[in-house]
Amino acid sequence: MTTPLLKVERLRKSFGNHEVLSGIDMEVHRGDVTCIVGPSGSGKSTLLRCLNHLEKPSSGAVFLKGEPIGLKWRGERLFEMSFNELAKQRQKMGMVFQGFHLFPHLTALQNVSEAPMIVSGVPRARAESEAMELLAKVGLGDRAGHYPHQLSGGQQQRCAIARALAMKPELVLFDEPTSALDPELIGEVLSVMRDLAREGTTMVVVTHEMSFARDVAEHLIFMDGGVIVEEGNPREVLAHPREERTRAFLSRVLETA
Amino acid sequence: MPETKTKPTPSRDIHAATPVPVRHMGQWLAGAVLLVVALLFLEVLVNNPNMQWAVVFEYLFSPDILKGLGITLMLTLLAMLLGLLLGVILAVMRLSSSRVFQSVAWGWIWFFRGVPPLVQLIFWYNMALLIPRITISVPFGPTLVNWDVNDLITPFSAAIMGLAFTESAYAAEMLRAGIRAVSGGQTEACATLGMTRWQSLRRIVLPQALRIVIPPIGNDTISMLKFSSLVSILALPDLLYSAQMIYARTYQTIPLLIVATIWYLVLTTAFTLIEHAVEAHFDVTRSRPSLSRALVSNLKAPFALRRKEDLA
Ligand SMILES: Nc1ncnc2c1ncn2[C@@H]1O[C@H](COP(=O)(O)OP(=O)(O)OP(=O)(O)O)[C@@H](O)[C@H]1O
Ligand SMILES: [Mg+2]
């Protein structure tokens, strides 16, 4: 068994008195696609945001290549990292949001080349030629000079994927990347994600697209009420769910699909 | 064409007829009245011998007035620049997580928004009464700086301080609102790309916040232009004080005030046009005209006829 790229141990998160994550343990292996599904409010987004410390976990730990995220040892004592120390670790984890969050005052090309230039100090010419390659890869080669508001939702999300890839992350987190899109635009984003999976990009994807989970994911996690209820090979879990809660959820979503 | 159910009236074909536009009788009437009033007012202005238009034209381009105009312009622009720079720093301090930064910025804004600029001008000018010397020295070591405050404070530096500090307080509040209007998703996106706080502020948040506050900055620049006339209290020969010095000699009060008025209006108009051009230039949601193209189109805008489709 190889050591996992990402490991989550006994992760808990509360907002005030409301416990949203009640002890999550999970592993993500290099090159795998992990899909997380579950009913609304089950804590999927919160889990994803705890992985890169956009939310600070209440307890428990996340390890990337064995290194704790947001925490550091100094001798016997454990310290929280400063924002800028955390920024170094976050470079290794890209994220794609449901609402895209592209930079509206920058063109598609600038959106992609900005972070490599100012964070990693890549010279402009190289950053831009790499950004052009990434845009071509997500099918936006002819849209490099467009501003986000001149792009369709699907194009914006593909640009956001290129932006996340530009930092050459170890893994990419996706939080419902197609939920804000019109049905006819979902396919183009999913097909870009399929290509990435084929190339061996490690991805953690919160999604409602069951067919994507079945066809692309190596691992499926079903969450409910802040815990992982069931997980395993996606085809197996979807065809023969063992838990009653999984069965109820699947019959609900597959019925509407 | 299929038969419609309603009885066809041969003389009423909706496709052939052109509808008569709505007549705005009230608007026409009120417009006529206003026009008459405006003409009467203009007649008073032009024909009143006390206006002494000949004197106005004699002084409009006189060297003293033009020099005053230059000082007014310089005061306005310098005070705005300094005020905005301080405003950015104050806004960032207000939004920082440090209590000390927050309170210092809050105190500064509270003070300089509360004290009238005129009071400040006099106060800064007389600062030597409060702090006669500024001395900076290494403890137990040599003295690095030893200034006589009376040498530092000229009418010009006192004026710049008074005007810029007042502006900094207003600019800080504007910019704070602008920064908060940039959605939290933007900073989160920056964070996931590994940007530090400073990088995301400088490259992503501030550029968007500044675009939001371009119109109020333009507004403040025009206010500043007028506030700068307060410096005549320090006998600084700006536009207004230059005019005052001339009519103190010649007693041609009204015509010289008109000279100053004309120049203030010219500058206000110029600032307005520049503000619109800058706003159009930085608005990425519209096609981006160059600064000069935007300026020209703004000049024409008030005179452009309404297009047909606007009337439809
Ligand atoms: N910042 C917050 N403050 C307080 N409560 C929060 C916050 N963020 C999330 N929650 C609560 O945590 C719970 C889980 O939210 P989360 O967004 O993780 O669910 P989700 O599984 O992603 O749901 P969805 O499928 O609707 O996106 C919800 O009850 C939500 O109200
Ligand atoms: Mg969610």
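Cβ from N, Cα, C; glycine included.
Positions annotated as domain 'ABC transmembrane type-1' by TrEMBL: B:69-275.
Marked as transmembrane segment by TrEMBL: B:28-46 (among others).
Under the heading transmembrane segment, TrEMBL lists B:66-92 (among others). Under 8 Å from some Cβ of the transmembrane segment (B:66-92) lie the Cβ atoms of residues 105, 108-109, 156, 159-160, 163-176, 178-179, 201, 206, 217, 220-221, 224-225, 228-229, 231, 236-243, 263, 267, all in the same chain and six or more residues away from its ends.
The transmembrane segment annotation in TrEMBL covers B:104-125 (among others). Sequence-distant contacts of the transmembrane segment (B:104-125), counting only residues of its own chain at least 6 positions beyond either end whose CB sits under 8 Å from a CB of the stretch, comprise 90-91, 93-94, 153, 155, 157-159, 161-163, 165-166, 168-170, 172-173, 227, 230-231, 233-234.
The transmembrane segment annotation in TrEMBL covers B:254-278 (among others).
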Remote residues contacting the transmembrane segment (B:28-46) - C-beta distance under 8 A, at least 6 residues beyond either end: 53
